[in-house]
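Taken verbatim from Swiss-Prot:
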| type | residues | note |
| --- | --- | --- |
| BINDING | Gly112, Thr113, His114, Gly115, Lys116, Thr117, Thr118 | ATP binding site |
Amino acid sequence: MKHIVKHIHFVGIGGAGMSGIAEVLVNLGYEVSGSDLSRNAVTDRLAALGARIAIGHDAANIEGANAVVVSTAVRSDNPEVLAARHQRVPIVQRAVMLAELMRLKQGIAIAGTHGKTTTTSLVASVLAAGGLDPTFVIGGRLISAGANARLGTGDFIVAEADESDASFLNLYPVIEVITNIDADHMDTYGHDFARLKQAFIEFTQRLPFYGSAVVCVDDPNVRQIIPFISKPVVRYGLSADAQVRAENIDARDGRMHFTVIREGRSPLAVVLNLPGLHNVQNALAAIAIATDLGVSDDAIQLALAEFNGVGRRFQRYGEVPSADGGQYTLIDDYGHHPVEMAATIAAARGAFPGRRLVLAFQPHRYTRTRDCFDDFVNVLSTVDALVLTEVYAAGEAAIATANGDALSRALRTVGKVDPVFVATVDDVPDALAKVARNGDVVITMGAGSIGGVPAKIVQNTQQKG
(Lines of atoms letter the chains of each structure in order from A and count residues from 1; the text may use other names and numbers.)
(Lines give C-alpha, C1' and ligand atoms only; values in the text may rest on other atoms or scores of the structure.)
Protein backbone atom coordinates (compact mmCIF):
# COMPACT_ATOMS: atom_id res chain seq x y z
CA MET A 1 0.00 0.00 0.00
CA LYS A 2 2.76 2.44 0.95
CA HIS A 3 4.27 2.80 -2.53
CA ILE A 4 0.89 4.11 -3.77
CA VAL A 5 -0.76 5.69 -0.72
CA LYS A 6 1.30 8.27 1.15
CA HIS A 7 -1.30 10.53 2.77
CA ILE A 8 -4.38 9.14 4.55
CA HIS A 9 -7.16 11.36 5.89
CA PHE A 10 -9.63 10.28 8.62
CA VAL A 11 -13.10 11.82 8.89
CA GLY A 12 -13.94 11.68 12.60
CA ILE A 13 -10.38 10.90 13.67
CA GLY A 14 -11.13 11.38 17.37
CA GLY A 15 -13.45 8.37 17.54
CA ALA A 16 -12.34 5.26 19.41
CA GLY A 17 -12.35 3.05 16.32
CA MET A 18 -10.62 5.56 14.05
CA SER A 19 -7.93 7.00 16.30
CA GLY A 20 -6.18 3.70 16.96
CA ILE A 21 -5.80 2.92 13.26
CA ALA A 22 -4.59 6.47 12.65
CA GLU A 23 -1.95 6.15 15.38
CA VAL A 24 -0.57 2.90 13.97
CA LEU A 25 -0.40 4.45 10.48
CA VAL A 26 1.47 7.49 11.85
CA ASN A 27 3.98 5.17 13.47
CA LEU A 28 4.33 3.23 10.21
CA GLY A 29 5.47 6.46 8.55
CA TYR A 30 2.34 7.52 6.68
CA GLU A 31 1.28 11.14 6.46
CA VAL A 32 -1.95 11.21 8.46
CA SER A 33 -4.51 13.98 8.71
CA GLY A 34 -7.97 14.01 10.19
CA SER A 35 -10.91 16.07 11.28
CA ASP A 36 -13.39 15.97 14.11
CA LEU A 37 -16.09 18.21 15.52
CA SER A 38 -14.20 18.92 18.72
CA ARG A 39 -10.75 18.66 20.22
CA ASN A 40 -10.11 16.02 22.87
CA ALA A 41 -7.25 14.10 24.48
CA VAL A 42 -7.17 11.67 21.56
CA THR A 43 -6.81 14.36 18.90
CA ASP A 44 -4.15 16.09 21.01
CA ARG A 45 -2.19 12.83 21.24
CA LEU A 46 -2.38 12.26 17.50
CA ALA A 47 -1.26 15.83 16.83
CA ALA A 48 1.71 15.34 19.15
CA LEU A 49 2.65 12.23 17.15
CA GLY A 50 2.64 14.23 13.92
CA ALA A 51 -0.89 13.94 12.55
CA ARG A 52 -2.48 17.09 11.13
CA ILE A 53 -5.77 17.68 12.94
CA ALA A 54 -8.57 20.00 11.84
CA ILE A 55 -11.51 20.89 14.06
CA GLY A 56 -14.67 20.88 11.99
CA HIS A 57 -15.40 19.22 8.66
CA ASP A 58 -14.43 21.08 5.50
CA ALA A 59 -13.65 20.05 1.94
CA ALA A 60 -10.24 21.72 2.20
CA ASN A 61 -9.21 19.26 4.93
CA ILE A 62 -8.67 16.40 2.46
CA GLU A 63 -6.23 18.32 0.26
CA GLY A 64 -3.42 16.03 -0.90
CA ALA A 65 -4.96 12.87 0.54
CA ASN A 66 -4.59 9.61 -1.40
CA ALA A 67 -7.36 7.95 0.62
CA VAL A 68 -10.14 9.12 2.93
CA VAL A 69 -11.16 6.80 5.78
CA VAL A 70 -14.71 6.91 7.13
CA SER A 71 -16.81 4.92 9.57
CA THR A 72 -20.48 4.09 9.20
CA ALA A 73 -21.20 6.99 11.58
CA VAL A 74 -20.02 9.48 8.92
CA ARG A 75 -22.90 10.75 6.78
CA SER A 76 -22.73 10.56 3.01
CA ASP A 77 -23.31 14.33 2.77
CA ASN A 78 -20.28 15.16 4.91
CA PRO A 79 -18.35 17.88 3.02
CA GLU A 80 -15.11 15.89 3.14
CA VAL A 81 -16.83 12.80 1.76
CA LEU A 82 -18.42 14.88 -1.00
CA ALA A 83 -15.05 16.44 -1.83
CA ALA A 84 -13.36 13.04 -1.95
CA ARG A 85 -16.04 11.72 -4.27
CA HIS A 86 -15.73 14.79 -6.51
CA GLN A 87 -11.93 14.49 -6.65
CA ARG A 88 -12.10 10.69 -7.13
CA VAL A 89 -10.10 10.08 -3.96
CA PRO A 90 -10.82 6.54 -2.70
CA ILE A 91 -13.24 6.48 0.25
CA VAL A 92 -12.28 3.59 2.52
CA GLN A 93 -14.35 2.09 5.33
CA ARG A 94 -12.60 1.94 8.70
CA ALA A 95 -12.75 -1.86 8.79
CA VAL A 96 -11.18 -2.09 5.33
CA MET A 97 -8.23 0.01 6.53
CA LEU A 98 -7.94 -2.21 9.61
CA ALA A 99 -7.92 -5.21 7.27
CA GLU A 100 -4.99 -3.63 5.40
CA LEU A 101 -3.08 -3.37 8.69
CA MET A 102 -3.85 -7.02 9.40
CA ARG A 103 -2.28 -7.97 6.07
CA LEU A 104 1.05 -6.69 7.42
CA LYS A 105 0.99 -9.06 10.41
CA GLN A 106 -0.90 -12.07 11.75
CA GLY A 107 -4.27 -10.85 12.93
CA ILE A 108 -6.04 -11.74 16.17
CA ALA A 109 -9.59 -10.37 15.94
CA ILE A 110 -11.85 -10.11 18.97
CA ALA A 111 -15.57 -10.23 18.15
CA GLY A 112 -18.75 -10.41 20.20
CA THR A 113 -21.59 -8.18 21.31
CA HIS A 114 -20.06 -7.49 24.73
CA GLY A 115 -16.54 -7.57 26.16
CA LYS A 116 -14.55 -6.86 22.99
CA THR A 117 -12.51 -3.98 24.37
CA THR A 118 -11.57 -5.65 27.65
CA THR A 119 -10.78 -8.96 25.96
CA THR A 120 -8.65 -7.27 23.29
CA SER A 121 -6.77 -5.43 26.03
CA LEU A 122 -6.21 -8.62 28.02
CA VAL A 123 -4.93 -10.48 24.95
CA ALA A 124 -2.56 -7.63 24.07
CA SER A 125 -1.30 -7.40 27.66
CA VAL A 126 -0.68 -11.13 28.04
CA LEU A 127 1.12 -11.39 24.68
CA ALA A 128 3.24 -8.36 25.60
CA ALA A 129 4.17 -9.96 28.93
CA GLY A 130 5.17 -13.06 26.97
CA GLY A 131 7.64 -11.06 24.89
CA LEU A 132 5.62 -11.15 21.65
CA ASP A 133 5.37 -7.33 21.45
CA PRO A 134 2.05 -7.20 19.58
CA THR A 135 0.56 -4.30 17.68
CA PHE A 136 -2.89 -3.51 19.06
CA VAL A 137 -5.88 -1.40 18.11
CA ILE A 138 -8.44 -1.15 20.91
CA GLY A 139 -11.77 0.66 21.29
CA GLY A 140 -10.72 2.11 24.64
CA ARG A 141 -7.56 3.43 26.26
CA LEU A 142 -5.35 0.68 27.66
CA ILE A 143 -4.32 2.36 30.91
CA SER A 144 -0.90 0.70 31.14
CA ALA A 145 -0.02 1.95 27.63
CA GLY A 146 -1.75 5.33 27.95
CA ALA A 147 -3.24 4.83 24.48
CA ASN A 148 -5.73 2.73 22.53
CA ALA A 149 -3.17 1.66 19.93
CA ARG A 150 0.48 0.76 19.65
CA LEU A 151 2.77 -0.41 16.86
CA GLY A 152 4.75 -3.40 18.10
CA THR A 153 7.71 -5.17 16.56
CA GLY A 154 6.17 -8.64 16.85
CA ASP A 155 4.30 -10.77 14.35
CA PHE A 156 0.80 -10.24 15.72
CA ILE A 157 -1.82 -7.48 15.59
CA VAL A 158 -4.68 -7.66 18.11
CA ALA A 159 -7.82 -5.71 17.25
CA GLU A 160 -11.53 -5.49 17.87
CA ALA A 161 -13.82 -6.83 15.16
CA ASP A 162 -17.00 -4.77 14.96
CA GLU A 163 -20.26 -6.59 14.28
CA SER A 164 -22.42 -3.48 14.74
CA ASP A 165 -22.26 -2.64 11.03
CA ALA A 166 -21.14 -6.11 9.85
CA SER A 167 -17.77 -4.59 8.99
CA PHE A 168 -15.95 -7.44 10.75
CA LEU A 169 -16.59 -9.44 7.59
CA ASN A 170 -13.83 -7.38 5.95
CA LEU A 171 -11.20 -8.93 8.24
CA TYR A 172 -9.09 -12.02 7.57
CA PRO A 173 -7.34 -12.84 10.86
CA VAL A 174 -5.56 -16.06 11.81
CA ILE A 175 -7.18 -16.25 15.26
CA GLU A 176 -10.71 -15.14 16.10
CA VAL A 177 -12.44 -14.77 19.45
CA ILE A 178 -16.22 -14.75 19.83
CA THR A 179 -17.16 -13.66 23.35
CA ASN A 180 -20.95 -13.77 23.00
CA ILE A 181 -23.78 -13.02 20.57
CA ASP A 182 -26.65 -10.81 21.71
CA ALA A 183 -29.42 -8.75 20.13
CA ASP A 184 -27.85 -5.33 19.56
CA HIS A 185 -27.48 -3.13 16.46
CA MET A 186 -30.33 -5.13 15.00
CA ASP A 187 -31.08 -2.48 12.35
CA THR A 188 -27.97 -3.77 10.55
CA TYR A 189 -29.48 -7.25 10.36
CA GLY A 190 -33.07 -6.33 9.53
CA HIS A 191 -34.12 -7.15 13.10
CA ASP A 192 -33.46 -10.80 12.28
CA PHE A 193 -31.42 -12.55 14.98
CA ALA A 194 -30.75 -15.51 12.68
CA ARG A 195 -29.01 -13.13 10.27
CA LEU A 196 -26.83 -11.84 13.10
CA LYS A 197 -25.76 -15.36 14.05
CA GLN A 198 -25.12 -16.18 10.39
CA ALA A 199 -22.81 -13.16 10.19
CA PHE A 200 -20.70 -14.61 13.00
CA ILE A 201 -20.54 -17.94 11.17
CA GLU A 202 -19.40 -16.10 8.04
CA PHE A 203 -16.81 -14.29 10.17
CA THR A 204 -15.24 -17.64 11.10
CA GLN A 205 -15.10 -18.56 7.41
CA ARG A 206 -12.52 -15.78 6.97
CA LEU A 207 -10.00 -17.88 8.90
CA PRO A 208 -7.23 -19.66 6.97
CA PHE A 209 -6.97 -23.45 7.15
CA TYR A 210 -4.38 -23.10 9.93
CA GLY A 211 -6.44 -20.59 11.90
CA SER A 212 -8.64 -21.14 14.95
CA ALA A 213 -11.85 -19.82 16.46
CA VAL A 214 -11.65 -19.27 20.22
CA VAL A 215 -15.25 -19.22 21.46
CA CYS A 216 -17.04 -18.81 24.78
CA VAL A 217 -19.26 -21.87 25.24
CA ASP A 218 -21.03 -20.29 28.22
CA ASP A 219 -23.01 -18.19 25.76
CA PRO A 220 -25.92 -20.23 24.35
CA ASN A 221 -25.94 -18.39 21.03
CA VAL A 222 -22.21 -19.00 20.53
CA ARG A 223 -22.73 -22.65 21.41
CA GLN A 224 -25.44 -22.90 18.73
CA ILE A 225 -23.12 -21.79 15.92
CA ILE A 226 -20.20 -24.10 16.81
CA PRO A 227 -21.47 -26.98 14.60
CA PHE A 228 -21.34 -24.60 11.64
CA ILE A 229 -17.72 -23.52 12.18
CA SER A 230 -15.51 -25.44 9.76
CA LYS A 231 -12.16 -24.35 11.22
CA PRO A 232 -10.53 -25.62 14.46
CA VAL A 233 -12.41 -24.46 17.56
CA VAL A 234 -11.05 -23.80 21.06
CA ARG A 235 -13.81 -23.66 23.68
CA TYR A 236 -13.37 -21.50 26.77
CA GLY A 237 -15.59 -20.60 29.70
CA LEU A 238 -16.98 -21.89 32.97
CA SER A 239 -18.85 -24.80 31.35
CA ALA A 240 -17.75 -28.39 31.93
CA ASP A 241 -16.93 -28.96 28.25
CA ALA A 242 -14.68 -25.90 27.94
CA GLN A 243 -11.12 -26.78 26.92
CA VAL A 244 -9.86 -23.74 28.83
CA ARG A 245 -11.97 -23.57 31.98
CA ALA A 246 -12.07 -21.61 35.24
CA GLU A 247 -12.76 -23.39 38.53
CA ASN A 248 -12.64 -22.44 42.22
CA ILE A 249 -13.66 -18.86 41.43
CA ASP A 250 -13.46 -16.44 44.35
CA ALA A 251 -14.06 -12.67 44.33
CA ARG A 252 -11.86 -10.85 46.84
CA ASP A 253 -11.02 -7.15 47.18
CA GLY A 254 -12.05 -6.30 43.63
CA ARG A 255 -10.01 -9.16 42.14
CA MET A 256 -11.01 -12.55 40.80
CA HIS A 257 -9.07 -15.59 42.03
CA PHE A 258 -9.52 -18.81 40.06
CA THR A 259 -7.82 -21.95 38.76
CA VAL A 260 -7.45 -22.50 35.02
CA ILE A 261 -7.91 -26.03 33.74
CA ARG A 262 -6.42 -26.70 30.28
CA GLU A 263 -6.27 -29.95 28.37
CA GLY A 264 -2.86 -31.56 28.75
CA ARG A 265 -1.55 -28.86 31.12
CA SER A 266 -1.17 -28.49 34.85
CA PRO A 267 -3.78 -26.37 36.67
CA LEU A 268 -2.84 -22.69 36.74
CA ALA A 269 -3.68 -20.42 39.69
CA VAL A 270 -4.64 -16.95 38.47
CA VAL A 271 -5.37 -13.65 40.17
CA LEU A 272 -7.14 -11.25 37.80
CA ASN A 273 -6.99 -7.57 38.69
CA LEU A 274 -10.61 -7.03 37.55
CA PRO A 275 -13.94 -7.84 39.20
CA GLY A 276 -16.76 -9.93 37.80
CA LEU A 277 -17.41 -13.36 36.30
CA HIS A 278 -17.64 -11.79 32.84
CA ASN A 279 -14.03 -10.68 33.19
CA VAL A 280 -13.00 -14.19 34.20
CA GLN A 281 -14.46 -15.30 30.87
CA ASN A 282 -12.62 -12.50 29.04
CA ALA A 283 -9.36 -13.52 30.72
CA LEU A 284 -9.89 -17.15 29.69
CA ALA A 285 -9.93 -16.08 26.04
CA ALA A 286 -6.56 -14.39 26.54
CA ILE A 287 -5.20 -17.43 28.36
CA ALA A 288 -6.35 -19.74 25.55
CA ILE A 289 -4.59 -17.65 22.90
CA ALA A 290 -1.46 -17.13 24.98
CA THR A 291 -1.18 -20.86 25.69
CA ASP A 292 -1.55 -21.65 21.99
CA LEU A 293 1.18 -19.13 21.09
CA GLY A 294 3.62 -20.48 23.67
CA VAL A 295 3.46 -17.73 26.29
CA SER A 296 4.76 -19.03 29.62
CA ASP A 297 2.44 -19.56 32.57
CA ASP A 298 4.52 -17.11 34.61
CA ALA A 299 3.95 -14.38 32.01
CA ILE A 300 0.21 -15.12 31.92
CA GLN A 301 -0.06 -14.89 35.70
CA LEU A 302 1.96 -11.68 35.85
CA ALA A 303 0.00 -9.93 33.09
CA LEU A 304 -3.39 -10.72 34.62
CA ALA A 305 -2.35 -9.85 38.17
CA GLU A 306 -0.93 -6.49 37.07
CA PHE A 307 -3.60 -5.62 34.50
CA ASN A 308 -4.51 -1.97 35.04
CA GLY A 309 -7.70 -2.03 33.04
CA VAL A 310 -9.15 -0.02 30.19
CA GLY A 311 -10.51 3.49 30.22
CA ARG A 312 -14.25 3.55 30.98
CA ARG A 313 -14.38 -0.19 31.75
CA PHE A 314 -15.04 -0.30 35.50
CA GLN A 315 -12.50 2.50 35.80
CA ARG A 316 -12.00 3.57 39.40
CA TYR A 317 -11.70 7.26 40.20
CA GLY A 318 -11.09 6.68 43.91
CA GLU A 319 -12.87 8.08 46.94
CA VAL A 320 -14.96 11.24 46.68
CA PRO A 321 -16.33 13.31 49.61
CA SER A 322 -20.08 12.90 50.14
CA ALA A 323 -22.45 15.63 51.32
CA ASP A 324 -22.95 13.91 54.69
CA GLY A 325 -19.28 14.29 55.59
CA GLY A 326 -18.17 10.82 54.54
CA GLN A 327 -16.96 9.54 51.19
CA TYR A 328 -18.09 7.27 48.38
CA THR A 329 -16.27 5.18 45.76
CA LEU A 330 -16.59 6.56 42.21
CA ILE A 331 -16.43 4.21 39.20
CA ASP A 332 -17.06 4.83 35.51
CA ASP A 333 -18.19 2.24 32.96
CA TYR A 334 -19.00 2.18 29.25
CA GLY A 335 -21.86 -0.31 29.61
CA HIS A 336 -24.87 0.66 27.50
CA HIS A 337 -26.68 -2.61 26.78
CA PRO A 338 -28.73 -4.32 29.54
CA VAL A 339 -26.54 -7.44 29.46
CA GLU A 340 -23.35 -5.40 29.92
CA MET A 341 -24.99 -3.34 32.65
CA ALA A 342 -26.11 -6.43 34.56
CA ALA A 343 -22.58 -7.84 34.41
CA THR A 344 -21.07 -4.60 35.71
CA ILE A 345 -23.64 -4.30 38.50
CA ALA A 346 -22.95 -7.91 39.52
CA ALA A 347 -19.21 -7.20 39.48
CA ALA A 348 -19.73 -4.16 41.71
CA ARG A 349 -21.86 -6.17 44.14
CA GLY A 350 -19.13 -8.80 44.29
CA ALA A 351 -16.30 -6.30 44.69
CA PHE A 352 -18.09 -4.20 47.32
CA PRO A 353 -20.42 -6.56 49.23
CA GLY A 354 -23.00 -4.97 51.49
CA ARG A 355 -22.55 -1.44 50.18
CA ARG A 356 -25.30 0.69 48.65
CA LEU A 357 -25.03 0.93 44.86
CA VAL A 358 -25.91 4.23 43.16
CA LEU A 359 -26.07 4.35 39.37
CA ALA A 360 -26.04 7.41 37.10
CA PHE A 361 -27.06 6.15 33.67
CA GLN A 362 -27.30 7.85 30.29
CA PRO A 363 -29.15 5.64 27.77
CA HIS A 364 -27.41 5.45 24.38
CA ARG A 365 -29.52 5.63 21.18
CA TYR A 366 -33.30 5.81 21.06
CA THR A 367 -33.54 2.67 18.93
CA ARG A 368 -31.61 0.61 21.49
CA THR A 369 -33.74 2.03 24.32
CA ARG A 370 -36.86 1.11 22.34
CA ASP A 371 -35.70 -2.39 21.40
CA CYS A 372 -34.46 -3.26 24.91
CA PHE A 373 -36.93 -1.16 26.91
CA ASP A 374 -38.17 -3.87 29.28
CA ASP A 375 -34.64 -5.19 29.81
CA PHE A 376 -33.45 -1.69 30.72
CA VAL A 377 -36.28 -1.36 33.24
CA ASN A 378 -35.37 -4.72 34.77
CA VAL A 379 -31.64 -4.07 35.11
CA LEU A 380 -32.05 -0.48 36.33
CA SER A 381 -34.46 -1.74 38.99
CA THR A 382 -31.64 -3.77 40.58
CA VAL A 383 -29.67 -0.77 41.89
CA ASP A 384 -30.33 0.98 45.20
CA ALA A 385 -30.55 4.52 43.84
CA LEU A 386 -30.67 5.85 40.29
CA VAL A 387 -29.93 9.10 38.49
CA LEU A 388 -31.23 8.89 34.93
CA THR A 389 -30.53 11.30 32.06
CA GLU A 390 -32.15 11.87 28.71
CA VAL A 391 -31.09 9.49 25.94
CA TYR A 392 -27.84 10.26 24.13
CA ALA A 393 -29.15 10.36 20.57
CA ALA A 394 -25.94 9.52 18.67
CA GLY A 395 -27.48 11.19 15.63
CA GLU A 396 -30.84 9.44 15.86
CA ALA A 397 -34.25 11.12 15.85
CA ALA A 398 -36.00 11.17 19.21
CA ILE A 399 -38.60 8.49 19.99
CA ALA A 400 -41.16 9.75 22.51
CA THR A 401 -41.98 6.27 23.81
CA ALA A 402 -38.29 5.45 24.35
CA ASN A 403 -36.89 8.60 25.94
CA GLY A 404 -35.61 9.20 29.44
CA ASP A 405 -38.97 10.33 30.73
CA ALA A 406 -40.69 7.18 29.45
CA LEU A 407 -38.01 5.04 31.09
CA SER A 408 -38.46 6.94 34.37
CA ARG A 409 -42.22 6.40 34.34
CA ALA A 410 -41.80 2.68 33.67
CA LEU A 411 -39.31 2.35 36.53
CA ARG A 412 -41.68 4.09 38.94
CA THR A 413 -44.47 1.75 37.86
CA VAL A 414 -42.32 -1.27 38.72
CA GLY A 415 -41.60 0.44 42.02
CA LYS A 416 -38.21 -1.02 42.96
CA VAL A 417 -36.25 2.22 42.48
CA ASP A 418 -37.37 5.85 42.26
CA PRO A 419 -35.20 7.48 39.57
CA VAL A 420 -33.98 11.06 39.79
CA PHE A 421 -34.41 12.27 36.21
CA VAL A 422 -32.16 15.03 34.85
CA ALA A 423 -32.37 16.50 31.38
CA THR A 424 -28.64 16.67 30.66
CA VAL A 425 -25.41 15.11 31.89
CA ASP A 426 -24.34 18.56 33.10
CA ASP A 427 -26.90 18.09 35.88
CA VAL A 428 -25.55 14.69 36.97
CA PRO A 429 -22.82 15.90 39.39
CA ASP A 430 -25.30 17.97 41.41
CA ALA A 431 -27.86 15.18 41.38
CA LEU A 432 -25.30 12.66 42.62
CA ALA A 433 -24.17 15.06 45.34
CA LYS A 434 -27.72 14.96 46.73
CA VAL A 435 -28.14 11.19 46.39
CA ALA A 436 -24.73 9.74 47.32
CA ARG A 437 -23.99 8.93 50.97
CA ASN A 438 -21.02 7.78 52.98
CA GLY A 439 -19.97 4.26 51.99
CA ASP A 440 -21.84 4.20 48.70
CA VAL A 441 -20.46 2.84 45.45
CA VAL A 442 -21.39 5.29 42.68
CA ILE A 443 -21.15 4.19 39.03
CA THR A 444 -21.55 6.51 36.06
CA MET A 445 -22.53 4.44 33.04
CA GLY A 446 -23.23 4.84 29.34
CA ALA A 447 -21.56 5.13 25.95
CA GLY A 448 -22.28 8.82 25.41
CA SER A 449 -21.23 12.08 27.00
CA ILE A 450 -21.62 10.79 30.56
CA GLY A 451 -18.02 9.60 30.25
CA GLY A 452 -16.91 13.13 31.13
CA VAL A 453 -18.86 13.27 34.40
CA PRO A 454 -16.40 11.50 36.76
CA ALA A 455 -13.56 13.88 35.87
CA LYS A 456 -15.95 16.79 36.43
CA ILE A 457 -16.90 15.45 39.87
CA VAL A 458 -13.24 15.07 40.82
CA GLN A 459 -12.49 18.57 39.51
CA ASN A 460 -15.37 20.05 41.53
CA THR A 461 -14.09 18.28 44.63
CA GLN A 462 -10.57 19.64 44.16
CA GLN A 463 -11.86 23.16 43.64
CA LYS A 464 -13.88 22.98 46.85
CA GLY A 465 -10.94 21.52 48.73
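Going from the start of the chain as shown, residues are counted 1 onward.
Positions of Cβ are set from backbone N, Cα and C atoms, glycine also.
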Binding-site residues compared (His114, Lys116) - the one with the fewest other Cβ atoms within 10 Å: His114
Check: same-chain CB within 8 A of ATP site center, minus Gly112, Thr113, His114, Gly115, Lys116, Thr117, Thr118: Ile110, Thr119, Thr179, Asn180, Asn282, Glu340
Other CB atoms, at most 10 A from the CB of Gly115 (ATP binding site): 24
Three-state secondary structure, Thr117 (ATP binding site) (per DSSP): helix
